Amino acid sequence: MGVTGILQLPRDRFKRTSFFLWVIILFQRTFSIPLGVIHNSTLQVSDVDKLVCRDKLSSTNQLRSVGLNLEGNGVATDVPSATKRWGFRSGVPPKVVNYEAGEWAENCYNLEIKKPDGSECLPAAPDGIRGFPRCRYVHKVSGTGPCAGDFAFHKEGAFFLYDRLASTVIYRGTTFAEGVVAFLILPQAKKDFFSSHPLREPVNATEDPSSGYYSTTIRYQATGFGTNETEYLFEVDNLTYVQLESRFTPQFLLQLNETIYTSGKRSNTTGKLIWKVNPEIDTTIGEWAFWETKKTSLEKFAVKSCLSQLYQTEPKTSVVRVRRELLPTQGPTQQLKTTKSWLQKIPLQWFKCTVKEGKLQCRI
């Protein structure tokens, strides 16, 4: 015959402690929504079907997939830094997985790279894969490189996010953002978890000012793409370029572009003119509102769910990037209307021009 006992606790001493224990237990059982992140491109469709766990996941209908951009973690987004995270490799088949919702990206990329013999480095996008739909700046890189491999993969195992599809490889001329795919596990299946439906919009929607969405394409030329000796030029027009540096923000490049146009510093011959920016010029101009919405926590999050085989078990400390504090006399960065203020911030000074390898190079 079994014996049942009840643990008695001193009433006064443990009353408050036991109350909080009950609250924690009830809260955990009622509101637990674990978040599993696929961090290394190893997802198989069958894996998701197998993720039926006791007390957490009774149906795959409780899973909601979300695309999370890497730039929210504070990775460097300038073209020279971003492209170093990608590399060509053969013998690995591409994988594609869909996601239901994503976030707006500040920086996206679009590559058109050819081999020295003129053949294409990157494959065309398969049917159904469209460019990432929400990019403030699209960095479009054209040029040449050895491209020693069949596909361009992410060296850190992240995905390339397209329009509701994430791929392990880069497709030619198709805009993408870097990111990972995360699964939200809901307490119960909800059809309307994401209230807004995917947008069905015309290709030229960004030209409509009423859409409330503004995207700018910034063009670059690359030589030796994918090597340690890659050189990048920011394209002002088809004859005028600026030697690109990692410290240049998209906003600075747009200011520089407008300054060169309005001050008549474009190439006035049939030759190629390459500018170099004075190292003393401050290039840290940016849109602080973007980082206000991307702040992450230094706190270590303990992830507990049945997706444990798909993400790292060791909790990682998120990188925090805080916006540059504004002085009392400063205001938030505004959209450019005129070029007067930018001419003051980027003084044009003429230095001696030299001809190198048949190209005229000057310093600003």
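Cβ atoms here come from the backbone N, Cα and C positions, even for glycine.
DSSP gives CYS108 (disulfide bond) a strand state. In sequence order, GLY131, PHE132, CYS135, TYR137, VAL138, HIS139, THR175, PHE176, ALA177 are the residues of the chain that are 6 or more apart from CYS108 (disulfide bond) and have a CB within less than 8 Å of its CB. The annotation disulfide bond is assigned in Swiss-Prot to CYS108-CYS135 (among others).
The local packing around CYS121 (disulfide bond), expressed as other Cβ atoms within 10 Å of its Cβ over all shown chains, amounts to 24. The feature disulfide bond is assigned by Swiss-Prot to CYS121-CYS147 (among others).
Per Swiss-Prot, the feature N-linked glycosylation site maps to ASN40 (among others).
What Swiss-Prot lists as N-linked glycosylation site is ASN204 (among others).
Here Swiss-Prot flags ASN228 (among others) as N-linked glycosylation site. Under the three-state DSSP scheme, ASN228 (N-linked glycosylation site) falls in the coil class.
Taken from Swiss-Prot, the feature N-linked glycosylation site covers ASN238 (among others), and the record attributes it to sequence analysis. Listed in sequence order, the same-chain residues six or more apart from ASN238 (N-linked glycosylation site) with CB atoms under 8 A from its CB number zero; the list is none.
Here Swiss-Prot flags ASN257 (among others) as N-linked glycosylation site, drawing on sequence analysis. ASN257 (N-linked glycosylation site) falls within a helix when secondary structure is assigned with DSSP. Sequence-distant neighbours of ASN257 (N-linked glycosylation site): residues of the same chain at least 6 apart with a C-beta under 8 Å from its C-beta are PHE234, VAL236.
Summarising the annotation, Swiss-Prot assigns N-linked glycosylation site to ASN268 (among others). Under the three-state DSSP scheme, ASN268 (N-linked glycosylation site) falls in the coil class.
Positions annotated as signal peptide by Swiss-Prot, on the basis of sequence analysis: 1-32.
Taking the Cα atom of each, CYS147 (disulfide bond) and ASN228 (N-linked glycosylation site) are about 13 angstrom apart. For the pair CYS121 (disulfide bond) and ASN228 (N-linked glycosylation site), the C-alpha distance works out to 17 angstrom. Between the C-alpha atoms of ASN268 (N-linked glycosylation site) and ASN228 (N-linked glycosylation site), the distance comes to 33 Å. Summary for the glycosylation sites ASN228, ASN268: the Cβ-based neighbour count within 10 Å is maximal at ASN268. Ranking the disulfide-bonded residues CYS135, CYS147 by how many other Cβ atoms lie within 10 angstroms of each Cβ puts CYS147 at the bottom. The DSSP secondary structure for CYS121 (disulfide bond) is coil.
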